[in-house]
């Protein structure tokens, strides 16, 4: 019995040696793998973010996302605040900033230094300060939907998410938050008017015939359609530095043969103009603003030889009110 017990010892010793050898081999392989990994080029955080963004965007159709276009002039502080706010909006694919500060470098380096950012922001330096610069066919535009926002307007994320869902149901119309109307007179001259929500019980509410593009969604195909308009339309906008939004309503109404836009009642939309340090005020403050826009309406009627704008009283709200029946001006 003692002899048999002694005979089993060499086998156990051999097993221990094999185990030790295996551990040594595994350790060497791990060290080699670590060394090879160290030799590989490092992947920066911003590159990884870009890669994840590309993979994410590839999984979405062009109807599931939109591009924000924002034209700006002399409001860098406010611009950075707005860009930071809109970064968190779901379904936002890209931001295009139309930089109208001629002779001044766009703040792309400053913006990038505050990153990384989940949504890419592209600054488009312009050679002339024109109102219609924002209506170019940008090669970076890859989505069907455009969200156009003025550089002093902050729209809440819930409002944008809801309005985008409405636009997906009506992709041939402007879907936005600021309605306006044209008013005809007995002399046949048109004037530009605001939109007043009326008190309940006073009818189905006021009517609008335009939805301003400075806080709206619309189809990117209309940017190309705008470029094909008569030269007189472009000249009117350049001469007045105004009315590109009125022209877009004319163009779309004429193209689709119905009301150009759908009014979505905003819950939380603010004008931040007073928060900028530049001291620059929007053109709507000018005394001649309303007269100039009335002039544009009549001029466009002459150019197109018709009045394509049509009235609507439909208001779509997150809270289910079907008509514009609240007494206040928008």
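From the backbone N, Cα and C atoms, a Cβ is placed for every residue, glycine too.
The structure displayed is predicted, hence computed values, not measured ones.
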From 2-22, 23-43, the residue range that Swiss-Prot assigns the feature transmembrane segment: 23-43
Co-listed UDP-N-acetyl-alpha-D-glucosamine-binding residue [Swiss-Prot; alongside 71, 75, 129, 134, 150, 151, 152, 244, 245, 293] among 100, 101: 100
Between residue 100 (UDP-N-acetyl-alpha-D-galactosamine binding site) and residue 74 (N-linked glycosylation site), the C-alpha gap once rounded to whole angstrom: 8
Between residue 245 (active site) and residue 296 (disulfide bond), the C-alpha gap once rounded to whole angstrom: 10
Closest of 71, 134, 151, 152, 243 to residue 293 (UDP-N-acetyl-alpha-D-glucosamine binding site), Cα positions, recorded positions only: 243
Rounded Cα-Cα span from residue 244 (UDP-N-acetyl-alpha-D-galactosamine binding site) to residue 296 (disulfide bond), Å: 9
